[in-house]
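One structure is given below, encoded as structure tokens.
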Amino acid sequence: MRSVDGGDHNTAVWAAVMIASCVPMCLSSVYKEIALGQAELDAVYLNGWIAVFQFMLSIPLSIPAAMIGSPPVPPRDLPQNLYDGMRCYMGHNTIVDGPHPDDCDKATLFVTIYILFNVGYNLLIILMLKFGSANLLWLAMTIMVPLGNVAFTFPFMPEHQPLHTTDVVGLVVIMTGLFVYRFLQDIVAARKSSAAESDLKETLMSSY
């Protein structure tokens, strides 16, 4: 829009894509909540089948995802990229020249830790749906964005950034919104009930 090279336009487009991606995620959470409520399913078993279907769907979707990436990867180069990625996971550098050479020395450790945390994260999501609700899950996930910004301010995090005032304001606003959504209706109902009981007592006292 303002940018000649379309940078602002791309930002708006990808923001819209990110927002739209929440729709199937929400529907998936609701479906899992219904399925877990109707049958006694083990969280690990369910998570395993979800991973199988995600893997099957990711194979055809990897082609358009690679083509719209930056830099784009032609479909014919995907097998070589996957092979190079596996070699990097095993600690072998494949790109040694250029401005961005590989640094795969600790890839095995970091990727394995990521996988373990990701499995634990998905199991916790299923357990939250099983013993809670989809509303509770998305309330918790809403807090993740500002908390993630705060977490990446720690010095031991890769490419850490200083904590900005907007990060704190965002966290306060989101927490306030969640508090209002979760508790305001109960507080108002309790106050109305208390007021009704007080009026009833006054009416009874005045009748004697």
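Every residue, even glycine, has its Cβ placed from backbone N, Cα and C.
All TrEMBL annotations are machine predictions without curation.
According to TrEMBL, the protein carries these features:
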- 12-31: transmembrane segment (TRANSMEM)
- 43-68: transmembrane segment (TRANSMEM)
- 107-129: transmembrane segment (TRANSMEM)
- 136-156: transmembrane segment (TRANSMEM)
- 168-184: transmembrane segment (TRANSMEM)
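Long-range neighbours of the transmembrane segment (43-68) within the same chain, counting only residues 6 or more positions beyond its ends whose Cβ lies under 8 Å from a Cβ of the stretch, are 32, 35-36, 74-75, 78, 81, 119, 122-123, 126-127, 130.
Beyond the transmembrane segment (12-31), the same-chain residues lying 6 or more positions past its ends with a Cβ under 8 Å from any Cβ of the stretch are 1, 125, 129, 134, 137-138.
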